[in-house]
Structures are given as structure tokens and as C-alpha cells.
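Engineer: Quick one: the structure is below, and I'll ask about it shortly.
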Amino acid sequence: MGSVTDTTNQYAGKKITVIFVLGGPGSGKGTQCANIVEHFGYTHLSAGDLLRAEIKSGSENGTMIQNMIKEGKIVPAAVTIKLLQKAIQGSGNDKFLIDGFPRNEENRAAFESITGIVPELVLFFDCSEEEMEKRLLSRNEGREDDNIETIRKRFKVYMESSLPVIHYYSNLGKVRKIDAGKPVDAVFEDVKAVFQKVAA
């Protein structure tokens, strides 16, 4: 695609590069994000970590988030997006991996309309359900949510909500699918190939 002069993705005159990282529970995306940060100088923003940090901070916003989670409600997309935006503006970097977000099509649309940022790419760690189950069960350090029923439920929810997002960005030619069933090092070789093109 020819590059049109793009006024979006600008924060204080800086071009911001955002890459969404999607993959099911156990697809190994956390490990790969750490590798990308180390090798390519990205800042890793995890939606879940930002929400937890906000709760810990004891702010009014944090208390509201905590109460919603306690009541089993989903935190509104706008709240998560504002935290991501604040982290982007405050980081001093211009390259970001956003992990675990957008969780669904509504998140995606809200992110673009609130921030004005369109992701450069979507990195999708594609892993079979069997492989993810095996990994989650083998890392079971007494985690309550790592039993087989819960894992299958989490996987189903993940697939149903994330597939429309992946489909949307696929149509724009932005999805880079990584075979996450391979050993960690082999997966990172594939990831490196993607990032070398982004940097080019």
C-alpha cells in the first residue's frame, strides 16, 4: 500500500507505532513480548497490568475499577484505553506493544476513535487448543484458574471475542500470524522476521 501522509498516530508531533499482540491463554505471547522489548526497543503495555497498577495506586479511578471487577462487571473499554493512552504519553518511547487488548470488536473501535491511533500491525500468536491446554496445565503452580474446564472456557471466550478483531485487521492486510506451537526460539525467529520488516 502506498504511504499517504498520515496525521493520525501523532503525539506531540511524534509518530507513534503501535502493535497489538493477540493470542490465546498459553500461546506464549508474554515470553515473546519480553523478547521483542529486549531486541527491538518497544515498550510493552499490558492492559491487565495497567488496570492492576491503577487499583493498587488507590486512586478514585482504581477504586471504581476494583468495585467493577468485584461485581463481575467488565471494565468499560474507555477506562482501559485512557490508561493505555496515559502510559503511551508518559513513556518517552514511540514504539509500543499492546498486549491483551483489544479483547473484542467494540474495544478495537473505541481504541481507534479515542486515541486516533491505528495499529501498524497485529501480531497473532496462533496456537492449537491442545497445545495451549498442555502448556497451561504443565505450568499449573496451584493456580485456581488452570484446571481443564476453566481453560476450555477461557479459550472459547477468547476465540469468540478476538476472532472478529483478527478478521477486521486481516482485511486491512495488517495481521501477521505466527505459528506459536513451535519451540520458543523458533517462534522468536518468526517474530524477528516480522519486526525487521517493520524497522525497514
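Including glycine, each Cβ sits where the backbone N, Cα and C put it.
What TrEMBL shows for this protein is this:
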BINDING   Gly26, Ser27, Gly28, Lys29, Gly30, Thr31, Arg139, Lys182  ATP binding site
BINDING   Arg52, Lys73, Ile74, Val75, Gly100, Phe101, Pro102, Arg103, Arg143, Arg154  ribonucleoside 5'-phosphate binding site
BINDING   Asn107  CMP binding site
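How buried are the listed features, and what sits near them?
Structural biologist: Counting only residues at least six positions away in the same chain, the Cβ atoms of Ala77, Thr80, Ile81, Phe101, Val165 sit under 8 Å from the Cβ of Asn107 (CMP binding site).
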Engineer: Which Cβ among the binding-site residues (Ser27, Thr31) has the fewest C-beta neighbours inside 10 Å?
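Structural biologist: Comparing Cβ neighbours within 10 Å for the binding-site residues Ser27, Thr31, Thr31 has the fewest.
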Engineer: If you measure every Cα to Cα pair among Gly26, Ser27, Gly28, Lys29, Gly30, Thr31, Arg139, Lys182, the residues listed for ATP, what is the largest value in Å?
Structural biologist: 17
Engineer: Rounded to the nearest angstrom, how far is the Cα of Ile74 (ribonucleoside 5'-phosphate binding site) from the Cα of Ser27 (ATP binding site)?
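Structural biologist: So the Cα of Ile74 (ribonucleoside 5'-phosphate binding site) lies 23 Å away from that of Ser27 (ATP binding site).
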